[in-house]
Every structure is written in structure tokens, then in C-alpha cells.
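**Q** Before I ask anything, here is the structure I am working with.
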Amino acid sequence: MKAILKADQLTAGYGHKVIIDQQTVEIPEGCVTGLIGPNGCGKSTLLNTLNGFEAPMAGNVELDGKQMSQYSAKQRAQEIAVLPQRTVIPEGISVFELVSYGRYCRQRGMHRLSKADRQAVEDAIKAVHLVDKHDELLTSLSGGQQQRALIAMTLAQNSRILMLDEPTTYLDLTNQLEILDLLHELNATFQKTVIIVLHDLNEAARYCDHLICMIHGRVAAVGSPDDVLTETTLANIFKVSGDITYDNDCPQITNCHPLPVAQP
Amino acid sequence: MTHRTMVVCVALVAVVLIAILLDIFGGTRWYSVSDLWRPSTKLVGEVIWQIRVPRALAAAMTGMLLALAGLLLQTVSHNPLADPSIIGVNAGANLAMIVGELLGISLTILNAFWLSLVGALLAFVVVIGLSMSGHGFNPLRLLLGGTIFSGFISSISYAVSFITNTTQQFRVLLVGGFSGANYQQVLLLGIAVIVVLGGAVMFQTELTLLGLDSKTSVGLGVSFKRLMIVAVVLVVLAAGSSVAVAGNIGFIGLGIPQIVNFVHPGSFKSNLAAVALCGSGFMLIADLIAKTAISSVELPLSALSAIVGGVVLFIIVAFRKEAVGA
């Protein structure tokens, strides 16, 4: 499968601190790719380098065969839409206004909404099933609805790639599943390449076509959920013991226990 | 702009115009409207046109600049408590003027302006430096570092003027006021208003997107570095030119955007005009009170602004708590 995003011999971190050291990662086009791994393993750092927010300390990030540093901020936003973890929900802003922010990267001059912009905003609101909340204030919506409105904002960017950093973490189970179903639907209908950081391995197995598992800033396992979610991965990377059972051919972890931490 | 904001803005423009007229006619002696074009004596005409009018215009523009500086700072720092006087930008401008004068640069109006701008810029750069951490710009550090830095710089200003026996000379700088305002200052303030307001309008979409957290706005395609540079330039210009004319006046930058956002919660774009106009109106009314409250004494404007503003903010905070509790 063709790689739309590629990190070659990537070294990345904050300040002088190296978090990811010389790793090579490829993101297949048109798939839902999940980034998994324990806390502090470098998932977010990888995401923030792949999307061009942070420049790599060494190595290359290529989008569509072109160096990321050659894209301007707006050009990059036309290709990659990003929803970071824990976005601030501003006061006094309606769903429509929030979603219209997504059009910024497609506008010129004084940034007035054109007819095409309005249409894209309406389409995005429809895609996340929020048409009836169109004019309501964001602050009056539930957490799950707010998250859907934010996703609609990223959809309005009309980018080929959508990246989300733990989009389900602060939601209850119903809303988590709704958001993941929505992402799956967007991938299927718009052939969007989705890259998503997830904590829940069972959700990752169910909703992703491709998994990248990281530990200590290294890529430890790559492949389909079947290849990645094995009892060995669980033990070596997540330090848990568990059984892999298959639910409609999808690997799911059951009977999970933390392994005793080996004393050095 | 929606129909409702349009109506509100027209109303606010009317309030500012009335406040300008009140500030012109009010003072130790009140004049009548007809004195504007048919003064009863030559002296009255001169007082109105050479003292009262430039003073009112200076107050209106300074109020607008300080309120805009506050709104810009609060937007880029994601902190509702940020304000050029709190993080030490005003104090830096103040100190630069005092030091400049003591080094023998005579404080002509033009010199005062550039000294003030340089001081504001240096102070801002130091405070931004203090707020940088390993992960980049940290808004909380901006406020913490800025508050301490501001106190430090103000103390140096007071100490320097006290040691060199120039407290009386720098009175206007230290306590704030418009008593000596003239047309040259009005002109320079006018230029600052055009640049700051123009810049804020030009970048209003980017600044509105920054109302989301900075990562989200970067994801939407905002060039964060460029926007920060624009914001720094605008804040320095606004705060520096205000201090050059009227000394260090607090509260407006903090309080006006807060009050506007309390009455009408909204984005940068939707509140920009209201904040600018309310800043003008507030400053004019504060100046009028400073001139007229106690006959023959002019109250220190910075203290007055802080007292009036403090009371207003106090009411808002109390109100809000109630609303949340209910």
C-alpha cells in the first residue's frame, strides 16, 4: 500500500531531550492507523512531528514525497487536519462558527466565508450528525457533541489526512464508540487517511486497519491488529498478561493482569 | 457582524462621543456647549481648544489602546488575567523614560515616545523569555514571571526617582494622567491607534482561531510564530505610546475585555470593536471624574482607574460566583 506520510530515520523531542531516536515510520494511505503504547512512549511526540507541528531534530518527514518543511502552515493544514488532546471549548461560539474555523486554511485575504466555504461547513456538520445543533452554543452541548463539533471543524479543512490525539479519553463509553464509529464512517465514505492515538487496545484492534506500537521512543511492532496484538506484545510492551480471543476475527484482550515488575 | 452587534457598536460610538464632549466641557470649571464655537472670552476659547480638546482626545485614544493591548495579550496568552500593566510592559516603558531623562535625553514628546516603546519592547522580550520552558511558550509562566518582573521594574522606577529627587518631576509618569496633553501627542497616539486597530482587524481571523488552544489553531493552519510577532509589536506599540502620554494606568487592559466578555461572551472578532470603544469610554469618564470629583485637586488617574475598575470587577466576580452556584 502507498505511504502518504513517511518519517525516515526520525529523531524528535522537546528542547534538548530526545524522545524518539532514529525511527522509521510509514502511514498507509486511506487506512485508519492507530498509535498505541504505554504512557510516555512517544506517541504524541511522533504525532506532533508527523503533522509538522514540531520540526524533527534529525531525519526527514515527508508528506506525499515532499519534505514537510517545504509546506507553509496553510498548505500543511490543507493536507493534514489535527485534533489535539483536550481542546479548550471557547465561550459564546456556535457550532457553525466553530466549524467555519476549519475553512481558514482554504481562504485568502480578509477570510470571509464564500458560498463554497458555507457549503463545506454545512457538509461537515451533516457528516458528524449535528445538523439539529447547528446554531447552538458549544458550551451548551454535551462532551460527546462538543467532540463531534471539533471533528466537524477538522473535516471542513477538506484534508486528506485526519489526525486525532486520544479523541475518546474524556468521554463515556457510548460517546467513545460513537466517535470511533464516526471516524470509521469518515474513512469509509471520504477515503480519509485517519491517524489516531488510542489508549484502549481493544478499541484500537476493532477500529484500526493498521497499528503502530511504540515503547521508549522506539517502534516496537507494526502491522494489522492481528500481527501486533499478541500475547508477547502484551507482556513485553504493556507489561500485562492476557488472553487474545477473537470476536468476529477481531483480536480482543481478555483476562488481563499486570505482570510483576522485574527488579533490576 | 450580526445585526445586534451593529446596534451595540453604534450605541457605544454614541456613548464615546458624548463622553468626549463631557470631558471637554467638564473640569474645575464647566463650560457651555456654545463655548466651543463662540467662546465667552478669548481665554475660554484657548482653554477649550488648547487644553480640553487634546486632553479628551488623548484620553479616548489611550483608553482604546490599553483595552486593545489587554485583549491581544489575553488572546495570545490564553489567560484572562494578562494585561500589559500586570506583566510589566508598562513598567518597562515607564522606567525607560525615567532612565532616559536622567541620562540626559530631554523628554520631548518624540523622545518620550521612542524611549517608552523601547522600554516596553525590552520588558516584553524579557517576560517572554521568562515564560519559555522546554515545551515552548507557557502562558502561566508569562503571568507569574511578568507579575514579579513588573513589581521589580516599578520598584526600580520609584527608587531611581526617589534617589535622584525627581519624584515630583516624574509625577505624571508614576501616577498617570492627561493634564499636559497636547496636539503633538494626539497625533502620535492617532498613528498608534490606526496601526494597532488596523493590525488587530487585519489579523482578527488568526486571533479568533487562537481562542482555541494554540495547538488546535496551528492545526487549522495559523502560523503561530508570525502571529506572536504581530501581537508583540501591536501590544508594545499600544502600551508604549499610552505610557508615553499618560504614564502607567492599570486596570483598563485587564478589566475592559473582561467586562465585555462577561456581558457578551464571544470570540476575538466579535468583541474587538466593543472592547476598543468601551476602553475609550471608560478612560474618558475616569478622566472626567479625576478632574471634577474634588474641586482644585486632580486625582491620580491610575489610582482612580484601579478603584473604579476594581469595584466593577469585584461586582462581576461576585455575580459570576452566584450564577455558577445557582
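From the backbone N, Cα and C atoms, a Cβ is placed for every residue, glycine too.
Given the structure is predicted, the values throughout are model-derived calculations rather than measurements.
Got these off TrEMBL a minute ago, pasting:
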- B:7-31: transmembrane segment (TRANSMEM)
- B:51-73: transmembrane segment (TRANSMEM)
- B:85-106: transmembrane segment (TRANSMEM)
- B:112-130: transmembrane segment (TRANSMEM)
- B:142-163: transmembrane segment (TRANSMEM)
- B:183-203: transmembrane segment (TRANSMEM)
- B:224-252: transmembrane segment (TRANSMEM)
- B:272-289: transmembrane segment (TRANSMEM)
- B:301-319: transmembrane segment (TRANSMEM)
**Q** Could you check whether the transmembrane segment (B:183-203) packs against the transmembrane segment (B:7-31) - three or more CB pairs closer than 8 Å, residues at least 6 apart in sequence?
**A** no
**Q** For the transmembrane segment (B:224-252), I need the partner stretch with the highest count of C-beta pairs below 8 angstroms, choosing only from B:7-31, B:51-73, B:85-106, B:301-319.
**A** B:51-73
**Q** Relative to the transmembrane segment (B:7-31), which of B:51-73, B:272-289, B:301-319 accounts for the most Cβ pairs at distances under 8 Å?
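**A** Of the candidates B:51-73, B:272-289, B:301-319, B:272-289 scores highest.
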**Q** Out of B:51-73, B:142-163, B:301-319, what stretch is closest in contact terms to the transmembrane segment (B:272-289), meaning most Cβ pairs under 8 angstroms?
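**A** So the stretch in question is B:51-73.
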**Q** By Cβ distance under 8 Å, which residues at least 6 away from the ends of the transmembrane segment (B:142-163) in the same chain are close to it?
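**A** For the transmembrane segment (B:142-163), the sequence-distant neighbours (Cβ-Cβ under 8 Å, at least 6 residues beyond its ends) are 77, 79, 81-82, 85-88, 90-92, 94-95, 98-99, 102, 123, 126-128, 130-131, 169-170, 173-174, 248.
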